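One structure is given below, encoded as structure tokens.
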Amino acid sequence: MYSLFRPLLFTCDTERAHDISLCTLDIAYHSGALPLLTRHPRPLPTTAFGLNFPNPVGLAAGLDKNGTHIDALFALGFGFIEIGTTTPRPQPGNPKPRLFRLTQQQAVINRMGFNNLGVDALVRNVAGARQRNGPLGINIGKNKDTPNEQASNDYRYCLERVYALADYVTINLSSPNTAGLRALQEEQTLRRLIGELREAQETLAAKHGRHVPMLIKMAPDLSDSDIDAAARVLNEMSVDGVIATNTTVTRPLLRQHRLASETGGLSGAPLLGQSTLVLRRLRTHLPETIALIGVGGICCGADAVAKMAAGANLVQCYTGLIFKGPQLVGECVEAIRRRREASSSGRASTQ
């Protein structure tokens, strides 16, 4: 069904197509027509950072920034949903146009700039959601006009606001579209910031009587030494998990494309190799107690398996959905299932 809808959708401006897709999804969900769009995957139970997931394939942050489509998105068969990025105060994001589709390359360049209605609006929307068929993650960031020296105040405020409703919280330090944000990944700055947020997490856990996992979302553009330094901090601070990775400011395989010079983060197929290398290096330097979510460039089941082979416990997709449609969810679940079954058969044959 999506293959019939996509050509019409791709005649629209990219950001308008995004809005139309979400509106259509909601209509299909509320009318009961959603089964015509996709087939729900069979369960593939997975456990990570103390949470149980019906399957290991989730939706990355960015599609539903304000938590207004939670019910419909879960109905597509995702094992978990991550909403946001949300900030303490509403902000409009960067001027339009700010979203560019590279159809042949199955890629997108965005410079959205954390456009959202603010954390209070998101909290109201989450409280009103009725269908949560898996864990709900909430991705939090700082406002554009908040200096890095005060960034911890923004993250702590959002953490306090969403803690009671989130199954896990992601600290977004890696969007390239908020000036200076990625500087928060520098070793000493990262250590101070995570230290403050871990203290807040422990205080909130005592207040609410439950531990909500805190994950850190990393950039793909770090050098090996920067990745290793970040891994040291993440291990020292005993974070619950890491998401690898966000979008890239480099342009792998796109140097001749007419949109390659557009400012912003690149996602989609060209990001797969780069993001998977970061994932693999993090897995090498982090203990198994710190779970990893692999995201970046997943456009088919084989891509999801590549993330798992590199050390991911879970995977997320977003840009691939634009080109493949919601059937990508089931394709990834089934590919990971086959990998698990093959691995189990291999172990059994050696015993």
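From the backbone N, Cα and C atoms, a Cβ is placed for every residue, glycine too.
Taken residue by residue with DSSP, S175 (active site, nucleophile) is part of neither helix nor strand, so it is coil. Taking a C-beta cut-off of under 8 angstroms and a sequence separation of 6 or more, S175 (active site, nucleophile) has the following same-chain neighbours: T85, F114, G141, L181, R182, N246, T247, G265. What Swiss-Prot records for S175 is active site, nucleophile, and it gives sequence analysis as the kind of evidence.
Cβ environment of L63 (FMN binding site): H18, L22, H69, L73, Y318, L321 lie under 8 Å away, each six or more residues apart in the same chain. The feature FMN binding site is assigned by Swiss-Prot to A61, G62, L63, D64, K65, T85, N139, N172, K217, T245, G268, G297, Y318, T319, with sequence analysis given as support.
Look at Swiss-Prot and you will find K65, N110, R111, M112, G113, F114, N172, N177, N246, T247 tagged as substrate binding site. Counting every protein chain shown, 29 other Cβ atoms lie within 10 Å of the Cβ of N246 (substrate binding site).
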Inset, instruction - Enter the number of other CB atoms within 10 angstroms of the CB of G268 (FMN binding site). - result: 23
Inset, instruction - Could you check what DSSP calls N246 (substrate binding site) once collapsed to helix, strand or coil? - result: coil
Legend entry - Winner by Cβ contact number (other Cβ atoms within 10 Å) across the binding-site residues K65, R111, K217: K217
Inset, instruction - Just report the maximum Cα pair distance in Å for the recorded substrate binders K65, N110, R111, M112, G113, F114, N172, N177, N246, T247, no decimals. - result: 16
